[in-house]
Each structure stands twice: as structure tokens, then as C-alpha cells.
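**Student:** Structure provided below as C-alpha cells; questions to follow.
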Amino acid sequence: MKLAILSRNSKLYSTRRLVEVARMRGHTVRILDPLRCYMRIVVGDFSMHYKGKPIDGYHAVIPRIGVSVTHYAAAVLRQFELMGTYSPNPSDAILRSRDKLRAHQLLAAQGIDMPMTVFGDNPDDTQDLLSMLGPPPHVVKLNEGAQGKGVILSEKNSASRGLVEALRGLYANFLVQEFISEADSADLRCFVVGNQVVATMRRQAAEGDFRSNLHLGGSATAATASEEEQEVAVRSAHALGLTVAGVDLIRSRRGPLVLEVNPTPGLEGIEATSGTNVAIKIVRHVEEMLATICSSNICKP
């Protein structure tokens, strides 16, 4: 298999692990910085260049796309798709999952529960918007944030109004959600590959914080997701069109609630905590999907 990995940094743990495993399994692998890819769009002739040279013939591409380059990198990934290259996470699925509002709407439409969420635009509606949500504490989130950045806990209604007004003044898109106190500032990261959860870890927020992200000082321990939690995680990934995803859940009195579905979840924390070789499961999944596609006589490269 000729495999491309879209990544801005070849030294990142997740990128290195995927390259290592793919080469160990006999595949030809190249890391491509999506911002150095550029394309020509012509009816019947989609092409791509990288650092001055044409690139084609890739059987599969694994996207490791950061939030800051989502839209351009998704366009690059879409061009690969139009050239007949398979991706476990298609460009449209990445765009769906990176837009928290859109993702929440799609998940709710599939009957997947999450913290109650409100969204609005006009300052005149702020008080009624918060009334729809219920009493504080409230969680205010930037719509396209990541790794816990842009997530604020507001313990008073007046503080929530102030935050909403400040974010509107910055022309930032945001959501406001109910705070689930019984989650005890912890969540589960369920790593979905294909039709199953292949690894799980429990993340606990650092003392004095409520965000459990490891990048913000949270700690992680090995965990086992219940059958219900695994089912919710897989359904959530598939509802957005993803086959590789990190699904973040919290445990509540009404069952598992989805916080976020990450289309490019990091491998370092989950592999170290769970002891599972997640990278090889991703590469094997790509191999299996390509075998299915090629057996259907639609394998183009």
C-alpha cells in the first residue's frame, strides 16, 4: 500500500507511530504537510502538487489535521478523495466534527445524548437563552476550540451573561451547556476504530480545574467502558461519518453523555495508559477497507 499521512509535524508522537507501524507492515509511507499541498481542479482531471512536484498514486491517506488548518487541510483531503484515494475519515466528516454546534445537532438527531446545549446570536436574547438552559453552573465553549482551550465554567448567571456578551464582542462563535456535577471533573476517552472501541482511558482534571484534557495538566488512568458506553461511542463516530475517532463521554445520572468527537485523536496518552497498540489497529483498519474497495473493482490508484 502506498500511504500518505497528512501532518504538519513529522516529529509528533502520533505521526511517528503511524509511520513506524505502516512501514513495519511493508507499506510505503510519506508524510505530507497539508499547507504545502496545492491543487488544480479541472473537470475530469483533479491533480495535486507538493513542494513543486506532482503527487498521485496513493491508495490511502490518514489525516492528522490540527484545528488551526482544518478548512485548508480538509480541501486537500477532498482533492485526494476526488483523485480516488481512500481516507478512514473523509473531509466532510472532519468538518462536521470540528464544528461543535453542527456535531451536536447531528448527534441529537440520532438520539445520542449530551449535555443540554443552547446557541444564539442576538444580545437581546441572552437572558432568555440562558433561561432555556436552566440555572448555573454553565459551561461556555468556543465552537471550534480544542484540547480544552476556550472552555470556561461560569458559576453565576451574571457571569454567564458577561461571558456571552464578551465573546459576542469578539465575534466568536460559542455554545453554552449545562454543567454535569456528578461527572466529578472526569471523562472517558473512547478510541473508536471501525466498528469497535479499541482502547479507553479515564481522564481526571487537575486540582482546581474542571477540564480533564491531558494538555491542561489532567491525569489519565486505564479504564473499561461499559457496553452502553462503547455503543454510544461507536454510534457517535459513525453519525458524523468517522471510522477513527476519540469520543469523549461523561458519566451522568441519565447515562453516558457525549462531550466531543475528535477526528484526529492523539495516540500518545491512550497508548501509554491503556497499553494498546492503537496505531497498528488504525493501519490494519485501512488495510481491510482498501481490500474491500479493491475487491469491488473500484481501487483506482
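In case you wondered, yes, glycine gets a Cβ from its N, Cα and C as well.
Swiss-Prot lists 104-287 with the feature domain 'ATP-grasp', giving sequence analysis as the kind of evidence. The ATP binding site feature in Swiss-Prot is assigned to Lys141, Glu178, Phe179, Asp187, Arg211, Ser212, Asn213; the stated evidence is sequence analysis. Residues or ranges marked as Mg(2+) 1 binding site in Swiss-Prot (evidence: sequence analysis): Asp248, Glu260. Swiss-Prot lists Asp248, Glu260 with the feature Mn(2+) 1 binding site, giving sequence analysis as the kind of evidence. What Swiss-Prot lists as Mg(2+) 2 binding site is Glu260, Asn262. According to Swiss-Prot, the feature Mn(2+) 2 binding site maps to Glu260, Asn262.
Describe the structural context of each listed feature in the structure shown, including burial, neighbouring residues and relevant distances.
**Tutor:** Applying an 8 A CB threshold to same-chain residues 6+ apart, the list for Glu178 (ATP binding site) reads Pro115, Met116, Thr117, Leu133, Gly134, His138, Val139.
Cβ environment of Asp248 (Mg(2+) 1 binding site): Asp187, Leu188, Arg189, Cys190, Val258, Leu259, Glu260, Val261, Asn262 lie under 8 Å away, each six or more residues apart in the same chain.
There are 22 other Cβ atoms within 10 Å of the Cβ belonging to Glu260 (Mg(2+) 1 binding site).
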**Student:** Among all the protein chains here, how many other CB atoms are within 10 A of the CB of Asp187 (ATP binding site)?
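**Tutor:** Here the count is 27.
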**Student:** Taking the domain 'ATP-grasp' (104-287) alone, what is its mean pLDDT?
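**Tutor:** A mean pLDDT of 89 is what the predicted model shows over the domain 'ATP-grasp' (104-287).
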**Student:** State the three-class DSSP label for Asp187 (ATP binding site), counting H, G and I as helix, E and B as strand, and everything else as coil.
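**Tutor:** Going by the DSSP assignment, Asp187 (ATP binding site) falls within a strand, counted as strand.
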**Student:** Tell me, if you would, which residue among Lys141, Phe179 (binding-site residues) has the fewest other CB atoms within 10 Å in the structure shown?
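**Tutor:** Least crowded of the binding-site residues Lys141, Phe179, by Cβ count within 10 Å, is Phe179.
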